[in-house]
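Chemist: Marked as active site, thioimide intermediate by Swiss-Prot: Cys34. Residues or ranges marked as active site, proton donor in Swiss-Prot (evidence: sequence analysis): Asp41. Residues or ranges marked as substrate binding site by Swiss-Prot: Val56, Glu57, Leu58, His75, Glu76.
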Amino acid sequence: MPTQPSKELERIPNPKPERDYEIEITTNEFTCVCPRTGQPDFATITIRYVPDQWIVELKSLKLYLWSYRNEGHYHEEVTNTILDDLVRTLEPRRMTVIADFNIRGGLHTVVTARYERTAEGPARLAAD
């Protein structure tokens, strides 16, 4: 298994696909770079989802999140990109990604992006 940052998310079979249950994963080690100032942005990322057939392999998630540390991204962009990548890989029933960024310049930013599969097919809800 790799030990370097990677954009490759891995999935493993859900042991209870017949049941609706929620998985919550939190890390306070997320870092990216502000594309305007070049300064680091630190955030606590919380991922909540109801899986269908797949769950995320945690080490691959750690390396995926780590891959952003030297990349320039706005808060809203990176939160939605994380959601999109996880939804594409896991095909969950529902998922929410919350990025709670540390205060910079006196401003505290929290971005919440949601996805919910509907009877008509996938539907992505707007970021808060």
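Each Cβ is built from the backbone N, Cα and C atoms, and glycine gets one as well.
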Chemist: Check each residue in the chain of Leu58 (substrate binding site) that is at least six apart in sequence and keep those whose C-beta is under 8 Å from its C-beta; list them in sequence order.
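Modeler: Correct list: Ile25.
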Chemist: Determine the Cβ neighbour count for Glu57 (substrate binding site): the number of other Cβ atoms within 10 Å of its Cβ.
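Modeler: I count 16 other Cβ atoms within 10 Å of it.
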Chemist: Any idea which of the recorded positions Asp41, Glu76 has the thinnest Cβ neighbourhood at 10 Å?
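Modeler: Checked Asp41, Glu76; of these recorded positions, fewest Cβ neighbours within 10 Å: Glu76.
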Chemist: According to DSSP, does His75 (substrate binding site) sit in a helix, a strand, or coil?
Modeler: helix
Chemist: Any idea what DSSP makes of Leu58 (substrate binding site), helix, strand or coil?
Modeler: helix
Chemist: Taking only the Cα atoms, work out how far Val56 (substrate binding site) lies from the residue listed as 'active site, proton donor', in Å, as a whole number.
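Modeler: Here the two Cα atoms lie 25 Å apart.
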Chemist: Sorry to bug you, but what's the C-alpha spacing from the residue listed as 'active site, proton donor' to Glu57 (substrate binding site), rounded to the closest Å?
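Modeler: Counting only the Cα atoms, the answer is 25 Å.
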Chemist: How many Å lie between the Cα of His75 (substrate binding site) and the Cα of Cys34 (active site, thioimide intermediate)?
Modeler: 8
